[in-house]
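Q: Got a structure for you, written out below as structure tokens; questions coming shortly.
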Amino acid sequence: MNTVLILLPLILTILFSLATVPILVWMERRVAALIQDRLGPNRCHINGIRLGGIIQSIADMMKLVFKEEFLPSHIKNKFYYLVAPSIAFMSAFLTFMVIPYADNITINDKTYYMQALPTDLGVLWFLAFAGLGVYGIILGGWASHNKYAILGSMRATAQVIGYEVAMGLSLVSMLITYGTISLNEMVTYQSQSFFIIPAWGIVIQPIATIIFIITAFAETNRAPFDAAEGESEIVAGYHTEYGAMKFGLYFVAEYIAMAASGALIVTIFLGGYQLPYLNTADLINNFELVLWLIIAFAVVTSLMFLKWMKSHNIYNTSGLDEKKVYATLIIGFTAFAILLMSYYALGFGHASAVGVMILQFAIFTVKLFFLHFVFIWVRWTLPRFRYDQTQKLGWNILLPLSLANIFITAIVVVGVNYGN
Amino acid sequence: MGIKVVERHGNTFKEKLYLPAIFAGMKSTLKHFTKNLSDASNIPTICYPEEKPTDITPRYRGVHRLTHREEDDSIACVACFMCATACPANCIEIVATFRDDGVDEKMPAIFNIDLLECVFCGYCVEACPCDAIRMDSGIYSVIGKVREDFIYNKAKLLSIKGISKEEYSLAK
């Protein structure tokens, strides 16, 4: 139990960053397709099982892994050229280490942290590694010895310098509000509510939220701030000279960086793993009631999903009958989960702390995937900002706005705490 | 026509905020997303091998065919070489021969179209004085395993049916 609880956040970090990449690629393509009135990938299958198209992104990853690694002969600094994608990948991956996936859990008077790196300096760690991720892009663009690549990496550099300032300043205003730099304490702060409104970061600091979300888009080089790869202008930007898994690492790094930014936005602004009005103690005390609600929710959603699948999974592939397999799996899994949950809900066993922890993982995952959806949704809505517009937005609007926000926040916080 | 003054946008405070316009755009894309997610039947995508295209009209330039004469069902082509001359891809090979049955003077002994060379421009159809060559077959997928499969000869071209009502050559 001891080892499991210590290793759990590490495993979750790997799951949330690496294992979600195929799902994110699939989401990106499917959401894009549906937004543009298309269908998206739905053919690739393993013995008839398509998983709605996820197999396609697994096939794409396999292709990238097994493709021939070649080195363009004009590249002089081979070491930098080869190390650049790993820097982008590593820093995106390490950013995830400080995100709290659930509240600290106390079992037998011993407290376990649900962060892969149980540090109080979470925000600083995030800023450091999110900034470092761009070094991979800059180094890759420079070492590629290619005009398009260097243009792309120059754009990325200028953009990151402009936006990192505003990002840091918007975080400073959040730190003043919460009075802590520990990410877990920030989430705990957000479990309280002012009158009837939950005290989520998005409610108490809407301007900082908007600034942080905009800068997070710029920091991860996602559309509408993807000038670094601007394929209509500079071929592919910084990864023009990269192929096979070297490109694959950049590709994965972008998605992991997006996931990490999304996780930090969830943690700081969207209440982290908390449900509104319900803090961890409330959940543990009313665990039976929560379980019955989850059981009802599971039944309704799985029935709705089965009905939806019946009308949408139209084309049969060769091999197994996909619809039957899914229906069996869903019904079986739901029945198993309901049996397990009702065992605890009827009071035969006591595992409320672990149960709440699992529930908080689930809440965090749902919020994170909502954020991923927003990232994808924005990408397929907005056109790319022109380079000078990006700079103007960063320096002329976001920077003064975040400074003003800090100023107002500080006044309010000092004023509120004056009497105490 | 007077001078038309084009209104300049983007200078009011609301427009400079960007966010209202961005949210309006996101609302519009979300509407498409939810509509297509709840009912995929509105999506115009054709799942090709299972579903066939429904917009093939008689004017669609598909694979060529050689037409027949209405009187005796014989070949309408008189081997005048007009199509081969008009062809920009130089994919039509004709060898002419005498016609002994008294219907006409000449006919092609060999009439080959190399579909790998053909650019499907339709100039051969325009050039033909006898309405002997047409591209109204509606066939859009040409399949073969070797290069020779793509050279359609006289018998093959005569056997292809058109999708228009005019089955025979309209030439008098």
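Glycine is no exception: its Cβ is also placed from the backbone N, Cα and C atoms.
Heads up, here are the entries from TrEMBL:
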DOMAIN    B:67-97  domain '4Fe-4S ferredoxin-type'
BINDING   B:Cys77, B:Cys80, B:Cys83, B:Cys128  [4Fe-4S] cluster 1 binding site
BINDING   B:Cys87, B:Cys118, B:Cys121, B:Cys124  [4Fe-4S] cluster 2 binding site
DOMAIN    B:109-138  domain '4Fe-4S ferredoxin-type'
Q: How long is the line from the C-alpha of B:Cys124 ([4Fe-4S] cluster 2 binding site) to the C-alpha of B:Cys80 ([4Fe-4S] cluster 1 binding site), rounded to the nearest angstrom?
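A: So the alpha carbons of B:Cys124 ([4Fe-4S] cluster 2 binding site) and B:Cys80 ([4Fe-4S] cluster 1 binding site) sit roughly 12 Å from each other.
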Q: When you measure from the Cβ of B:Cys118 ([4Fe-4S] cluster 2 binding site), which residues in the chain that are at least 6 apart have a Cβ under 8 Å away?
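A: Those within reach of B:Cys118 ([4Fe-4S] cluster 2 binding site), by Cβ under 8 Å and sequence separation of 6 or more, are B:His64, B:Ala89, B:Cys91.
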Q: Out of these binding-site residues, B:Cys87, B:Cys128, which one has the fewest other C-beta atoms within 10 Å of its own C-beta?
A: B:Cys87
Q: Within the domain '4Fe-4S ferredoxin-type' (B:67-97), count helix residues (DSSP H, G, I), strand residues (E, B) and coil residues, in that order.
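A: The counts are 5 helix, 8 strand, 18 coil.
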Q: Which of B:Cys80, B:Cys83, B:Cys121 has the fewest nearby Cβ atoms, counting only those within 10 Å, among these binding-site residues?
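A: Looking at the binding-site residues B:Cys80, B:Cys83, B:Cys121, the Cβ with the fewest others within 10 Å is that of B:Cys121.
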Q: Hey, for the [4Fe-4S] cluster 1 site built from B:Cys77, B:Cys80, B:Cys83, B:Cys128, who else sits with CB inside 8 A of the CB center?
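A: Near the [4Fe-4S] cluster 1 site, beyond B:Cys77, B:Cys80, B:Cys83, B:Cys128, sit B:Val78, B:Ala79, B:Phe81, B:Met82, B:Ala84, B:Ile94, B:Cys124, B:Ala127, B:Pro129, B:Cys130, B:Ala132, B:Ile133.
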Q: Give the number of CB atoms, excluding that of B:Cys77 ([4Fe-4S] cluster 1 binding site) itself, located within 10 Å of its CB.
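A: I count 27 other Cβ atoms within 10 Å of it.
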Q: Specify the nearest of the binding-site residues B:Cys77, B:Cys80, B:Cys128 to B:Cys87 ([4Fe-4S] cluster 2 binding site), where nearness means the distance between Cα atoms.
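A: It is B:Cys128, whose Cα lies nearest.
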Q: Given the binding-site residues B:Cys77, B:Cys80, B:Cys83, B:Cys128, which one's Cα is the least distant from that of B:Cys121 ([4Fe-4S] cluster 2 binding site)?
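A: Checking each of B:Cys77, B:Cys80, B:Cys83, B:Cys128 against B:Cys121 ([4Fe-4S] cluster 2 binding site), the shortest Cα distance is to B:Cys83.
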Q: Around the C-beta of B:Cys124 ([4Fe-4S] cluster 2 binding site), how many further C-beta atoms are within 10 angstroms, looking at every protein chain?
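A: Around B:Cys124 ([4Fe-4S] cluster 2 binding site), other Cβ atoms within 10 Å: 25.
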Q: What does the DSSP secondary structure composition of the domain '4Fe-4S ferredoxin-type' (B:109-138) look like, as residue counts for helix, strand and coil?
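A: Counting residues per DSSP class in the domain '4Fe-4S ferredoxin-type' (B:109-138), I get 5 helix, 8 strand, 17 coil.
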Q: Whose Cβ lies within 8 Å of the mean position of the Cβ atoms of B:Cys87, B:Cys118, B:Cys121, B:Cys124, the [4Fe-4S] cluster 2 site, other than those residues?
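A: Along the chain, the qualifying residues are B:Cys83, B:Ala86, B:Pro88, B:Ala89, B:Cys91, B:Ile92, B:Ile113, B:Val119, B:Phe120, B:Gly122, B:Tyr123.
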